[in-house]
Amino acid sequence: MTERVVLAYSGGLDTSVAIPYLAEQTGAEVIAVAVDVGQGGEDLDAIRQRALDCGAVESEVVDARDEFAAEYCLPAVRANSLYMDRYPLVSALSRPLIVKHLVAAARTHGGTIVSHGCTGKGNDQVRFEAGLGALAPDLRIVAPARDFAWTRDKAIAFAEEKGLPIDVTAKSPYSIDQNLWGRAVETGFLEDIWNPPIEDLYAYTADPAEPRDADEVVITFDAGNPVAIDGETVTPYQAIVELNRRAGAQGVGRLDMVEDRLVGIKSREVYEAPGAIALIAAHQELEAVTVERDLARFKRGVDQRWGELVYDGLWFSPLRAALDAFVNDAQQHVSGDVRLTLHGGRATVTGRRSEASLYDFGLATYDTGDTFDQSLAKGFVQLWGLPSKMSAARDARLGGAQS
């Protein structure tokens, strides 16, 4: 029986060329699977047909936009996930979902091999293959760009030789990956980290320096999840789309950073994530109002580790699942409204309210109505500082005073 290889298909040059190339190299039939995670651009029906025209025996397009929003993006919101305190995991979040659907296609179509278009230099090869190893360790993996030393010139020559129905002349100077959660741009002149990004790089956000009226938006959360915008009920997908539109129009969510890749190198990336940045900013503020101090302090470390695990391709790890359980439990009171002003590239919190708020006006005010018993403070301060006081006295007695 002829083997079948399931290919993660994007419709571009590299994965289109991979169809006949994989067939030649492995002798297998190729099943192309394109997963819609809100990347937009070309019509997915056209992408499906292109895969067939390039030699795939089956071609599937999976609409995973709602699933991506609810089951991958919202956990990132609840975990305030910003890798290196900045990057909202635009690409990293989509990879485990794509892996899930590749495995499903392999089971449906009798596939024994899975293929992706990642190089040996990036993070995505790890994300794909760690996920495949967790979900389907029986499937073999082939990565043409890495395993067969694939280059763009080689891909173009192969496409022309085979007469493949793809445009092999236009060449973007950048490598671009985009989805519902944001857009990532790298390579080209950006590899010189002194070069500033040019406006042509951006597609999800308007120039924040352009004068325009501010936009005020109220986001309603229930147990850490956005459920309404300006009082109108929204699904997770609708919330992200709407905030991408409104925050993007104000230039919110542009990031230019040098990040630490999993493979050990530093890489310069330019990101656009207007909806993600707005949602995380609002969620962080609502947590500040509703989450008890020690829980909030501990959760910050959990949030950081959660983001590192996802960035490093360990979505399917037991630790990520356990951290999710902690994060979700911590969200039971994170319900209420946060008002943001979107303007000049910033999402600024200007108001917050919650029935579960731990903010007590009477305790916080310095004016009339103060209910804080200041007579209790003196003894508290003395007891709080007692260990340090005793340690300092001991050091002075022994001649080893601390600086």
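A Cβ is built for glycine as well, from the same backbone N, Cα and C atoms used for every other residue.
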Listed by Swiss-Prot with Tyr87, Asn123, Arg127, Ser175, Tyr271 as binding L-citrulline, from among Glu161, Glu259, is Glu259
Among Gly55, Gly110, Gly111, Gly117, which residue does Swiss-Prot name as a further ATP binder in the site formed by Ala8, Tyr9, Ser10, Gly11, Gly12, Leu13, Asp14, Thr15, Ser16? Gly117
Smallest number of other CB atoms within 10 Å: among the binding-site residues Tyr87, Tyr271, that is Tyr87
CB contacts under 8 angstroms to Ser16 (ATP binding site), restricted to the same chain and 6+ apart in sequence, sorted by sequence, are Tyr9, Arg50, Ala51, Cys54, Ala159, Leu164, Ile166
To the nearest Å, how far is the Cα of Asp14 (ATP binding site) from the Cα of Ser175 (L-citrulline binding site)? 12
What whole-number Å value do you get for the CA-CA distance of Gly12 (ATP binding site) and Ser175 (L-citrulline binding site)? 12
Binding-site residues Ala8, Tyr87, Arg127, Glu259: which have a Cα within 10 Å of Thr119 (L-aspartate binding site)? none
Pairwise Cα distance for Arg127 (L-citrulline binding site)/Ala8 (ATP binding site) [Å, integer]: 13
In sequence order, which residues at least six apart in the same chain have a CB under 8 Å from the CB of Ala8 (ATP binding site)? Thr15, Val33, Val35, Ile98, Leu102, Val114, Ser115, His116, Gly117, Phe128
